[in-house]
Each structure stands twice: as C-alpha cells, then as structure tokens.
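**Student:** Relevant sequence annotations retrieved from TrEMBL are reproduced here:
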BINDING   Glu69, Asp85, Ile87, Asp88, Asp212  Mg(2+) binding site
Amino acid sequence: MHEEYKDFQKSAVEIAKHVGSWLREQFGEKIQTRLKADDSVVTELDLAAEKIILEQIKRRYPDHQVLGEELSPHQLMDHWTWVVDPIDGTRNFALGIPIWAVSVALMENGEPVAAAIHLPVTNETYHASKGNGAWLNNHRIDVGQKEHLKDAIASTDLLPIDYAQRIPPLVLQGIFMAVRRTRMLGSVCCGMCYVASGKLDLYYRPEVNVWDVAAGVLIVREAGGEVRAFDGKDWDSRTSSILVANSTLVQKFLDLKSDLNAKYGFEVD
C-alpha cells in the first residue's frame, strides 16, 4: 500500500506545481478581493485555481471526491477524498507578499496519506506519503530537535476573534513570552512546512479548517513531528485547531497552557 501512496504523492506534487506555475504568472498583478462571512478573503484566482485542480484530479481519478475551501459540500464524503486549498495565504497573495502556497492532499477514510504543498515564489515543494518520509524538493526533511520552549522559534496566525474569544491577552502574552520568538506568516501551510523542515520549531493556531492543514499534517508526521489539536487531543479531520512540533515541545506547550489556565482561570482550547 505504501507504494500506491507514492503514486498518489507524485500526482499531488504534479498538480500543486502545475497550478502554482499558473498562479505565479498572476502574482504581483492588481487583484480584486472580497470578504467572506468568516472575514477571510477570496479572489477570482482562488476560484479559477480550484477549478484547475478539480479538473486535474477528476482526469486522473474520476471516482475520487474533492473537498476545497471554495467547493461544497464541506465534508469528507468518501473512501478517497482530495482536500485542496488553491491559495493558502490569499491575503498575502493579493498584497504581493510572497508567502503563500498551493496545498493538495489525499485522505483515505479521513486520514491524509499523500500530500504536496508548493511554494511557487521560492520554488519549494514539500511533499510526503504515508510511511515514506517527508521531502523538500528532492531532499528528506526532519523536524527540529529543540527541547525547551525558551529556545524555540514559534509561529502562529491569529485573527481578531482569537484575541476576543479564544485566547485572552494575558494568556497569549504568556505563550509569547515563553518562546524565543514568534512569527506570523499569514499562511498555515507555510508555517507547518517550516516546522517539518526544522526552519521553525512550533506552529499553532486555535481555528483552522481541514483544507488548511490536511497536507501539512501528513508532512509534519512523516518528518517525525507530532500533530495535535490546540487543546492537546489527537488530530483528526474534524479537528478545528492545530498544534505541531516535535513531541517534546508539543508536551511542554500543552503544559504551559495548563499552567496559564490555572493562573488566569481560562481554558485555552
């Protein structure tokens, strides 16, 4: 079965790079955006790129289902379901900031088994398949081995609602002060890939969708990292938050949140 996953991995890479090449040609142009109900942005290029991905998948795998941010219904519908995000970091893309990615993952019964995340501007392709390791272009990658939060470079992407409803300022301050530095990249996929390759040590976000993280989950796992929900529970396709790092840092982050909860009387989940 692992060999079959390699074939799916190859397809994911080809599709992500194909769409990424097309998007790279549009990048830097003046782009019209509109706000969605959740305050995220969408462009006509998101819709066009997702259509290209859908056509590519259906041509190769006509019996597979496809789930994406701009597609519906938003559920994992079948044994084989491709989960795609044509532009992760749409706001960056629209502003001309070169931190964005194309994400393509295949789920088998709700678990990611093949994935590719392509960063067109830097021409980096992070990819993996279950049991076959994680790769950046043609090189194997592994998560970093930092053991202490005080030494860790962390990353997160927070929305205004996170400050108001999900993480009170004092708790967030405690998290920020516990690590060496915190970066906000504006792309969940990029943050997770950078953890998988050891460029960053930890990534967390209290609110995500499955298309934001499906590919990154597999890539981090295959790079030797640990994937949890923000509350410490095991990650699955219904999980609406993410925490990734090596196993030592994951546990120390969860212990920190528990201490902050006790100190400020608020459950961070």
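A Cβ is built for glycine as well, from the same backbone N, Cα and C atoms used for every other residue.
Unlike curated entries, TrEMBL annotations are predicted automatically.
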**Student:** Within a 10 Å radius around the Cβ, which one of these binding-site residues has the most neighbouring Cβ atoms: Asp85, Asp88, Asp212?
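**Tutor:** Per the Cβ count within 10 Å, the most buried is Asp85.
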**Student:** Name them in sequence order: residues not among Glu69, Asp85, Ile87, Asp88, Asp212 whose Cβ is within 8 Å of the mean position of the Cβ atoms defining the Mg(2+) site.
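**Tutor:** Nearby residues not in the site list: Gly68, Val84, Pro86, Gly89, Thr90, Ala101, Ser103, Val188, Cys189, Trp211.
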**Student:** Look up Asp212 (Mg(2+) binding site) in the DSSP assignment and reduce it to helix, strand or coil.
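**Tutor:** Helix, per DSSP.
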**Student:** By a simple count, how many Cβ atoms lie within 10 Å of the Cβ of Glu69 (Mg(2+) binding site), its own Cβ left out?
**Tutor:** 24
